[in-house]
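Quick look at what TrEMBL lists:
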- 63-182: domain 'Receptor L-domain' (DOMAIN)
- 214-295: domain 'Furin-like cysteine-rich' (DOMAIN)
- 1-17: signal peptide (SIGNAL)
Amino acid sequence: MWWAGAILALVPTVCLAVNLKEDIFDTAVEVEEERECHGTSVGFGYSGTLELHYQQLRKRYAGCTYVHGNLEITNLDDPMLKYDLDFLSSIRYVSGYLLIGLLTQVERIPLLSLEVIRGNQTYRIQGHEYALVVALTSRDTAPVTGLKHLHMPKLKEISRGRVMFSENPLLTHMKSVSWDLITRGEPDSVHLATKPFSAKLQDDVCPEECLVDPYRLCWGDDPSLCQEVVTGSCAENCRFRCYGPGEDSCCHPNCAVGCTGPGPQDCLVCMDYVLDNTCVGYCPAKTYPKLQTCVRF
């Protein structure tokens, strides 16, 4: 197979190591209620035919808002199938990793509502732990088909794990995203392998509406794809999560994305679970987790 040699380097070891409060942002897709779905841990593998694999992907994630585990979008490689991935647009939270690969017949992935990749499970490649991997999305040395657009304008945090791009020669607007804001400024957080994305400068131009002084930040060439930014300038010790510029204005450790004050009740998104409108690290006695909420018995 065309990708057999490249994929050997991407065979993983899965490592085990937010809860959404009321969303303060308008979502691109109206969601009537939260729905949990269970992810997968097969990496680049699949069973059955490519058509069956695609139908199972649709069935698993249609209407899903919370992925418990890993979101693996792979093996969409049949030129005879018409792929429509709009069913992914409702997903807001992934507790594990996001793996995207072998999508040579898909031009666009619309993860329009995704806010947090938690990284409770990571995808290991050559000793590194990744929470986001985008790889092997075009065929041949001069591809004309393959992934061109990865739309995640609401993505605000990858809580744990690195990011990798490899063999995506048609993919645009990855250099016009501020990955520091998403990875909380972790050093060496984004790894670029061979042909990580398009090398054409015009493929990273953002609309004027996407200005985040002094840069334009976006996931695509439409104003609806401007990168959403929550926090302004933070002190270095706050790691891009603060409610003010001072060193004593950091968000609580139970917060993801950002906060409006110092306490666990001030989080925009909870790192783990929410109990009585307060972010907690685990569900205490006499409660059980449902989605990202601790429910009392």
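Heads up, residue numbers simply count up from 1 along the chain you see.
Using the three backbone atoms N, Cα and C, a Cβ is placed for every residue, glycine included.
Across the domain 'Furin-like cysteine-rich' (214-295), the prediction's mean pLDDT works out to 92. Within the domain 'Receptor L-domain' (63-182), the DSSP-based counts of helix, strand and coil residues read 9 helix, 43 strand, 68 coil. Residue counts for the domain 'Furin-like cysteine-rich' (214-295) under DSSP (helix as H, G, I; strand as E, B; rest coil) come to 6 helix, 28 strand, 48 coil.
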